[in-house]
Amino acid sequence: MTKTLPEDFIFGGATAAYQAEGATNTDGKGRVAWDTYLEENYWYTAEPASDFYNRYPVDLELSEKFGVNGIRISIAWSRIFPNGYGEVNPKGVEYYHKLFAECHKRHVEPFVTLHHFDTPEVLHKDGDFLNRKTIDYFVDYAEYCFKEFPEVKYWTTFNEIGPIGDGQYLVGKFPPGIKYDFEKVFQSHHNMMVAHARAVKLFKDGGYQGEIGVVHALPTKYPFDPSNPEDVRAAELEDIIHNKFILDATYLGEYSRETMEGVQHILSVNGGKLNITDEDYAILDAAKDLNDFLGINYYMSDWMRGYDGESEITHNATGDKGGSKYQLKGVGQREFDVDVPRTDWDWMIYPQGLYDQIMRVVKDYPNYHKIYITENGLGYKDEFIESEKTVHDDARIDYVRQHLNVIADAIKDGANVKGYFIWSLMDVFSWSNGYEKRYGLFYVDFETQERYPKKSAYWYKELAETKEIK
């Protein structure tokens, strides 16, 4: 039976400033840590990415034509404040006003994120969010944007607090490239949640029009053998690191006993301690019921086994299937040999995990208000067919269809899910994979910057028009 989605459902496309704009040092933009990190460590940079800085009118015209009625955009903090604070860059401000005006002209609602992995380099060098001064600078930047851009009706403080700490201090694939430092992981998560809570409270106290929330990446964690207590515990601990710690901070205004027991266990095994003040808890508590929505980014689930060795992670950045290893001291190891399809980058394709995660939020955090699926999509080595000027991306269509079906199930079962944003609107630059891993509805020729609708774009258009998942 064909499932349908609600009439008022948002069918969106997602982007991010650093992954789409290019123009990394144009019109007064300040540097971000990624500029230096990519120059020193990788064979690619974010220049020109998808040249969204200049070509946003083309992408928004395509959005309108293909039924995309919402777009996730992030403001590059260093375009507004090149150093993260102090002097404002008027050309950056003007750019975003023009961008939001074009969104509205094309009837594409902008959902705007204040921070998407791109802290200005000046602040990043000074400890990023491990330095509590960065919290103050972020809140000042947020307040400036709330005042300056009243045309924005949907604000998100952060994109993926979990993967930021994870990438910077656990896997070591984000600048500054530190590995297995759990103290920094949890402290980064916590400090960013304090920054989020302060910004949300400021937004509500200031009487700004519109809605505000946060986007969390929530990969579902399962025990490899549900009857093995070690596997069950490994899944619980992995869930605390990636999901429960930040969800508790968002909606409980504190960390539950189970969460803190898990954190203390991980820190006792690996070393380190967490600095949380009474004032922090008061800030989290004051904001816990003020989030208008939760954005969930979901791509995959993981299966965990007990493990008592040292930490070792091998990140698959090449798209050669089977190149991943993930084992953490005091936590567990991910088992990749499970009967579940996976992408070339070893991401497990498991739509049921999205359903389970949505219903977990509904059950454990009833003050969630509403949910948007703010990222979901399939990274693929797309094959461009020159004679047809398109990509036959049936695997992407199938991936999205499967995930939309479980979203429809979750809505039927009582979850208030209001929209879906495919990652990504057009092909963009990937943080740790460069330009080979493509996600877009629109194929981008990165040499010419021409856009070509993929088969998935036509499928998505019909979906947006009929609301039927075919």
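Including glycine, each Cβ sits where the backbone N, Cα and C put it.
Small disclaimer: the values here were computed from a predicted structure and weren't measured.
Sequence annotations record features per position, and here Swiss-Prot assigns D-galactose 6-phosphate binding site to GLN19, HIS116, ASN159, GLU160, ASN297, SER430, TRP431, LYS437, TYR439 based on sequence analysis. The Cβ of TRP431 (D-galactose 6-phosphate binding site) has GLN19, TRP34, PHE117, GLY167, LYS173, PHE174 as same-chain neighbours under 8 Å, each 6 or more residues away in sequence.
Taken from Swiss-Prot, the feature active site, proton donor covers GLU160, and the record attributes it to sequence analysis. In three-state terms derived from DSSP, GLU160 (active site, proton donor) belongs to neither a helical nor a strand segment and is classed as coil.
If you look up Swiss-Prot, you'll see GLU375 marked as active site, nucleophile, on the strength of sequence analysis. GLU375 (active site, nucleophile) counts 24 other C-beta atoms within 10 Å of its own C-beta, drawing on all protein chains shown.
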What is the biggest Cα to Cα gap, in Å, among GLN19, HIS116, ASN159, GLU160, ASN297, SER430, TRP431, LYS437, TYR439, the residues listed as binding D-galactose 6-phosphate? 20
Cα distance (Å, whole number) from GLU375 (active site, nucleophile) to TYR439 (D-galactose 6-phosphate binding site): 11
Going by C-beta under 8 A and a gap of 6 or more residues, the same-chain neighbours of ASN297 (D-galactose 6-phosphate binding site) are ASN159, GLU160, VAL215, HIS216, ALA217, LEU218, ILE373, THR374, GLU375, ASN376, TRP423
